[in-house]
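Read through the structure below, which is laid out as C-alpha cells, and then see the notes.
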Amino acid sequence: MAAAERAWGAAVGVVRLCRRFCHVATPHTFKKQPLHQYVRRPLFPLRAPLCNTVRFMFIQTQDTPNPNSLKFIPGKPVLETRTMDFPTPAAAFRSPLARQLFRIEGVKSVFFGPDFITVTKENEELDWNLLKPDIYATIMDFFASGLPLVTEETPPPPGEAGSEEDDEVVAMIKELLDTRIRPTVQEDGGDVIYRGFEDGIVRLKLQGSCTSCPSSIITLKSGIQNMLQFYIPEVEGVEQVMDDDESDEKEANSS
C-alpha cells in the first residue's frame, strides 16, 4: 500500500513538473491560443527566413596556373554568359561585390566569370590561408543580400563582339576565340578579349588570372597563336595588349 502511494505521488509530481516547465496544452489554453499557433511555432528562434539558405553556400576553390590567383566557385551563376575584369579598385565602382573584395587587405584584382570569381593577391608572400576566410565571408554575405552583381553596365570594347562589317578572316578569328580558346582560358580563371587584327597580327587582351601569370607569354605564343595559325593561315602572330595602368605596373616591376 505504501509503495502504491509513493508511486502515485511520484506520478502527480511529474505531471505538475510538466505543466510548469513544458506548458502542457489544456482546453483552457486552446481557447486563448488556437492549435495552429502551437504547430507553426518553431522550436528555436530563426535568425533568417528558411528560404535564405544561400548564407550557408558551399564555395569551392580551384588553383590556376598563376600562383597569385585563385578561382572561387560559389556553385551558382555569376555572370552566366560573359566576363568582367576589375584590375584596380577604381574599376570596381560598377560592382558592389568587387568593391567589397578590394577592401580585403592583400587583394590586387578581381575577375568575374560565368560561374566563378577569380581573386588575385598582391604578391607571393601573402598566404592564401589568411585571405580565404575573408573572401569566403564576403562572397557568401553578398549572395545572401540579394543585391545585383553589377549596378552599371559597360559596353564591350570596340571590335570585341561580332559585327556584319567584319571580313571573313576577322569573323573566323572571333569565332575560334569564342568556341575553342576562351572556354579553355576561362577554366584557368581568366579570359582573352579580341582587340584587333592588322597586318597579320592579332591583338588580344588577357584578363583575370592570365594578366600577371608568369606563363602568359607561353599561353599566347604556344597556345593561342599556334591554334589561330593552324586554322587561319592569314594569322602571322599574336600580340598582347595592355591598358595604361598595366603597362606602368609592368615597367615598375621590371625596373
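Cβ coordinates are placed from backbone N, Cα and C, and glycine is handled just like the others.
According to Swiss-Prot:
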type	residues	note
TRANSIT	1-29	transit peptide
REGION	173-241	region 'NifU'
BINDING	C210, C213	[4Fe-4S] cluster binding site
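Annotation note: C213 ([4Fe-4S] cluster binding site) sits in a coil segment as assigned by DSSP. Taking a C-beta cut-off of under 8 Å and a sequence gap of six or more, C213 ([4Fe-4S] cluster binding site) has these contacts in its own chain: T64, P65, N66, S69, G190, L206, T219.
Across the region 'NifU' (173-241), the model assigns an average pLDDT of 91. DSSP assignment over the region 'NifU' (173-241) gives 31 helix, 21 strand, 17 coil.
The Cβ of C210 ([4Fe-4S] cluster binding site) lies under 8 Å from the Cβ of N66, V185, D188, G190, D191, V192, S216, T219, each of these being in the same chain and 6 or more residues away along the sequence.
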